[in-house]
Structures are given as C-alpha cells and as structure tokens.
C-alpha cells in the first residue's frame, strides 16, 4: 500500500462536492470508523508506509515516462467510462492519477493515501483548482469509509517482479467493498513472465573479479561472492540479447476476478528451448499490465497462448487497442527494471536444448 501511519481519524468522505480537499476529511461517528482510526499498524506496514512519505520515491515513479504516460493514455482511452463518474485512486501518492481522472471529467475522485504524502496531495489538488472534484482521504483503504460506491478503481499497485511489496491486496479489497457491478479497474490485467538469462559481464564483474584484484589473488572471496550474488534477487536492466528463450507465464492476474488468497503461493511448471549456446546465469522476471475493460469469459489467458503470439500481438497494437505497460527487456526501461535470480554457478546449455522445471513463489500476506 502506498503508505504511512494513519492520522488521528478514520476519514469518512461524504459527498465529493461538499468535501473540500483543502479541509480535513469529515470523521465518522460510527464505532467501526472509530475502531479503524485507533487500529495500530503492524511494524512492517508502518515502515513501508513511512517510506512512501519520501519525495524521492515519487520523483522516480513520476519521472518514469513509460509508466506515467501509460496511465494517462489509459485514462483518456477509457474517458467515456470515467466522465461524470465516481473514481477511487488506491494509494494516490502525490495525486497525479487523481488529477488525470478529474481532468478527464470524473465527477468525483476519492484519492486514498496512507502516507504523509496525503498532505502534499491535498495541496496539489487545491493548486490545480480541483478541490471540488478530488477528495484526498488520509488512511489505508482497508480502514477508510466513503459514502458512495465507485464506478472506477485506478491504482499503480505493481511492485518489483510485479508482486514484491505490491498493493494488489488493497486494490482487491477496494474492488470487493466499493466497486459497482460492471465497474472499471485500471489496470485490469497483469502477467508475470520469466525466462532463463545469460549475463557473463555481470557475473564476471561480481564473482570472477575476486580471482585477481590488482595482481592479488583474492579467490578466497569467490564463494562469498557467489553466495551474495545468488541469495537475493537483483533489480537491474537487461536487454533482449540476455534472454535465452521465449518467456513463460508465471502468473496471469485478472483484477476483476482474482482473489487475494491466490497470492500466498504461486507455482508453475516450465519447459522452454534455448535459442543459443550460452551459459545460463539465472532467471529473469518482468511483467506487463493491460488497461482493458471487464474480462470476456471466452478470452484466452496468456498462459494458454504461445508467448511468441503474445509478443506479436503487443507489437501489432494500434491506437484503438487497450494500453499496455510493459517492463520486458526488449521494451523501453522503466523504474521497475527487471528482477534477476542468479545461480551461484552458471550452467552451460546448447542451442535448442530443453530447459524445464518448476518455480514456486511464496508471498507474505
């Protein structure tokens, strides 16, 4: 959740036109609202939310033009579903997406933000003369109350590797509690991809480097370097030339139907063919999100499609097609980069050699 500790009240937003964003949100008098206000945050949540009070995080996200332009384009693409409607922005941060929605004609935008950045978001809304349309609600979406059901939920919820410290559970909570039947969720779908990668330059720079340092044999540090390299994911940028096979789908998420419990454990089998003779240094993960309307039950999940078909479809998209935000190695880099799981030692593979196995991700909820 884009977060920080709650202020002294559980906000209860009544009606958008009557609640000035420059004023403190009205507080509810119900026992439930009071309980939500007094509910202490877990230490993990407190630290996480506090980190999003730092301007540097928001600067990095907003300067990511791939990300920000994709959201703005998606809002305009779906303007007919937003104009005159009620929108909820889950984890609004600085409020930039809320402002985009208001400018697209939304009747009312509830901009929910748990971090102290909510204070600046209110000032930004007022400075852009939108305080009659955008209400910044300071609190976790799980704790706040709004009077209206909403027509649209928008959120930039994706974390590294799509799901690391993501706000998806909060978006699903908002969907189940606040979204009207047939409402719009942006983004609507997300797919996590994975593929074997080769990166000799990175491996040599982190591991082989210790064999000869200024003419000194420091190979005693190589085992430690291998352990350090492989024990935690690495967030870095790789190119298409580093990818050894077509990617496989680890998880496809339909935000209209997905359940939070499904995040606890994700397991998938894979079987791919190496496109070249090269050492495998690990696996790379990246994701893409789509900004579609509600799912068509007859549509195929990306896991049912050949990854080559998925990529060709992406390349053929025209101006009328739904917007896609991709963090793939072959696309323009984003602040998410790619996530690499390195092996302690590389594994040599031949061209067309089959690489198969299974992968399991366990996520703390």
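Glycine is treated like the rest: Cβ placed from N, Cα and C.
Whatever TrEMBL says is automated annotation, not expert-curated.
Note that the structure is predicted; figures quoted are calculated from it, not measured.
The following features are taken from TrEMBL:
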{"type": "COMPBIAS", "residues": "20-35", "note": "compositional bias 'Low complexity'"}
{"type": "DOMAIN", "residues": "87-183", "note": "domain 'Methyltransferase'"}
{"type": "DOMAIN", "residues": "189-294", "note": "domain 'Protein arginine N-methyltransferase'"}
{"type": "DOMAIN", "residues": "320-361", "note": "domain 'Protein arginine N-methyltransferase'"}
{"type": "REGION", "residues": "1-35", "note": "region 'Disordered'"}
Exercise for the section: Provide the three-state DSSP residue tally for the domain 'Protein arginine N-methyltransferase' (320-361): helix first, then strand, then coil. Expected result: 0 helix, 23 strand, 19 coil
Fill in the blank from the handout: Here the mean pLDDT of the domain 'Protein arginine N-methyltransferase' (320-361) is 95
